[in-house]
C-alpha cells in the first residue's frame with residue numbers, strides 16, 4: 001500500500017480536486033489532505049469500508065469515461081448512508097496498489113469475533129485510540145480514558161488492580177503483550193466460565209464426552225453429536241496440545257459460543273435449505289419500491305447505487321421508472337417530481353453486473369411495464385431472474401428453480417380481449433384506510449376506466465405500449481384487481497395485481513381468509529402509499545400474514561420495517577425467496593391471520609428467552625465524550641395479531657461494556673411459522689425517548705435453542721463486531 005499518494009477526488013464532472021491520500025501506521029485509518037493548502041480534510045477507518053469497485057462503476061466516473069480510462073478509476077463504498085468516494089489515480093499501477101491493498105485490509109472482517117486476527121485488530125484499534133501521546137505505551141490515566149471510550153464506568157480501585165496485574169515489567173505503563181493481558185482480564189466472561197465449569201470435572205477443560213454432554217443437554221444437538229464435538233475442538237481450540245488430546249479449554253469454549261455454530265441463527269438455514277421447485281406464488285419475495293431513489297420521493301437523488309445496494313441486500317424485485325429523455329434516450333426517475341435522473345442504459349448495465357451476484361444464482365420474479373397515466377413513461381418492476389425468455393412456462397406456473405438466471409417483466413399485453421378491459425394501471429396514491437379524500441376518489445375514477453368506458457388518454461396509453469415490450473411479458477401479466485370472486489372467475493395464475501397498502505389493509509380486515517387463498521395461486525404486489533413522500537415504510541408483517549408475495553419497501557429508509565425484511569430474507573442462502581408455510585399454499589385453506597385457531601397443525605409453542613449478558617455494546621451516535629450507556633434489551637414478536645408482543649429487561653446503569661441482566665422473558669406463539677423475533681438494545685433515558693444501540697431480527701423458524709450469542713447490527717443493518725448479547729433459548733409445545 002503506497003502512502004501519501006496524490007489522486008483526484010471526484011464529486012461531479014466539473015468538480016475534480018487533487019488530494020493526498022495516506023494510510024496511517026495503525027493500518028486502520030486513511031486520511032486525505034488538500035494538495036493546495038496541505039490541510040487535512042477528512043479521515044475514515046478501514047472498518048467503515050464495505051467494498052472497493054474498480055473502473056467506471058458510479059454515475060460520476062461513468063460521466064468521465066472519455067476523459068479517464070477505467071484502469072485508473074475506483075470507488076470506495078462505505079457502510080450505511082455515507083456517500084461513496086470516487087477516485088482517479090495517476091496511473092493504472094497506482095490504482096491497483098490501492099484497490100488490492102484496501103481489499104486485503106477489509107477482507108478479514110468477514111468473519112467477526114471468532115477469528116484471532118479480528119480480535120487482535122480490535123485490541124490494537126483500542127490501543128491506538130487510547131495511546132494519546134503515541135509513545136507505544138499506556139499509563140493509568142490513558143487506561144481510564146480507554147475505559148470511558150469502551151463504554152465502561154469502572155471503579156477506579158478495581159481498574160488500578162487490573163492495570164497493576166498486567167504491568168509485569170512494573171514500569172507503570174502497559175505495552176505490547178501487557179496490554180493484551182489487561183484486555184483479557186477486562187473481558188473475562190464470568191457467566192461463560194461458570195457454564196464451562198458446570199460441565200467440566202476439573203474446571204480447566206472439557207473432555208470430548210463432557211462436550212458431547214453439553215451439546216446434547218443444553219444445545220439440543222441430537223444428530224452426529226460426537227462428530228460435531230470433534231469438529232468444534234479442531235476448529236476453535238487455540239492450543240495444539242489440547243487439540244491433540246481432544247479436549248476444549250475455556251478459551252476454546254468461548255470461541256465456539258461466539259462462532260456461527262454458537263449463534264442464535266441456525267447455521268444450516270444460512271445456506272439454501274428450502275424446496276425451490278414450488279410455484280412462484282408459494283414464496284415470499286424480497287422486493288423494493290422505486291429502487292433508484294436513495295432519498296425521499298419528491299426531490300431525492302436517483303442513483304444506480306440504489307440498485308446495487310438493493311441487489312447486494314438480496315432484493316429480487318426492482319423498479320425502473322422510464323421516461324422520455326433528451327435525444328430520445330430514456331431516463332429513470334420518479335415521474336412528475338423533482339427527483340434527479342439517471343440514463344436507462346446505466347441502470348440496465350448495473351443490473352447486468354449485479355443481478356446474479358448475491359446468494360442463490362439469482363432466483364427471480366417479474367417486472368411490470370405499463371404506460372403511465374400521462375402516457376409519457378413506462379414503469380417496470382423487475383422480479384429477478386435473468387433474460388426474458390419466451391419459453392418460460394405459464395401453465396403450470398414456473399418455479400424459482402426453473403427461472404434461475406432469468407429476469408421476468410411484469411407488464412401489460414397487447415392484442416387480447418382481457419388486456420383491452422384492463423385499466424391503465426392501479427398504482428396511485430392512497431390517503432387513508434377508509435378511502436376518503438380527493439386522491440382516493442381519483443383512484444376509484446381510474447379503476448372504472450377500461451370497463452365499459454373508453455377515453456382518448458387510455459387509447460393513447462395503449463398505443464404507446466411497444467409490441468416488443470409486450471412480447472417480453474411471458475409471465476406476471478399486469479391486471480387490475482376487482483375483487484377475489486372476479487379474480488377466481490376470470491384471472492390466471494400467470495397474472496398479477498398491485499395494491500396500495502391501504503387497499504391491502506382493508507382487504508385483510510374484511511376478507512382475510514379469501515386473501516390468503518388468493519395468494520395461494522396468484523401473485524400480489526403491495527406498494528407504499530403515495531403520501532409517504534419521506535420514503536417511510538409500512539409494516540410488511542401484516543401483508544406477509546395473508547401470503548402477499550411481493551411486499552415492496554423503500555430500502556433506503558432504516559427502521560423496524562427494514563429490520564423485519566432483512567430478518568425474514570437472511571435465511572435460505574439470502575436468495576431473496578422464502579417458502580410460505582404449508583397452510584398458506586393451499587387454495588382451499590381455512591387459515592385467517594385474525595383467527596389463529598384456523599391454522600392447521602400443532603398447537604401454540606412457548607418461547608422462553610433468558611437474557612444473560614451483553615458484550616462491548618457500541619455508544620450512541622453523537623453522544624458526548626465520556627458518556628456511558630444504560631442498556632436494556634427489548635424482545636419483540638412480530639406475527640399474526642394474537643402473537644404481537646414485546647417485553648424488556650431492566651436497564652443496567654453505566655455499563656455498555658459487559659452488562660449483566662439474567663432476566664427471563666416468555667412468549668406464547670400461536671402461529672410460529674409466521675413469527676419474526678427482533679432483539680433491540682437501547683440506551684435508557686428517563687427524561688426522553690430511549691436511544692437505539694443495536695438490533696438483530698430473525699424468523700422464529702431459524703432460531704437455534706440453547707446458549708447462544710446474538711451478533712448485533714446497526715440501524716442500517718451493518719454488523720458491529722464484537723457487540724453481542726448472550727442468551728439462553730428454550731422452545732416448548
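Each Cβ is built from the backbone N, Cα and C atoms, and glycine gets one as well.
TrEMBL: automatically predicted annotations, no manual curation.
What you see is a predicted model, and the numbers here were worked out from it, not measured in a lab.
Matching 378-415, 416-453, 454-491 against TrEMBL, the residues noted as region 'Disordered' span 416-453. Remote same-chain partners of the domain 'EF-hand' (154-189), defined as residues 6 or more beyond its termini with a Cβ less than 8 Å from a stretch Cβ, comprise 123, 126-127, 136-140, 143-144, 147, 254, 613, 615-616, 657-658, 726. If you average pLDDT over the domain 'PI-PLC Y-box' (469-585) in this model, you get 95. Across the range of the domain 'EF-hand' (154-189), the DSSP-based residue counts are 21 helix, 1 strand, 14 coil. For the domain 'PH' (1-107), the DSSP counts in helix, strand and coil order read 27 helix, 42 strand, 38 coil.
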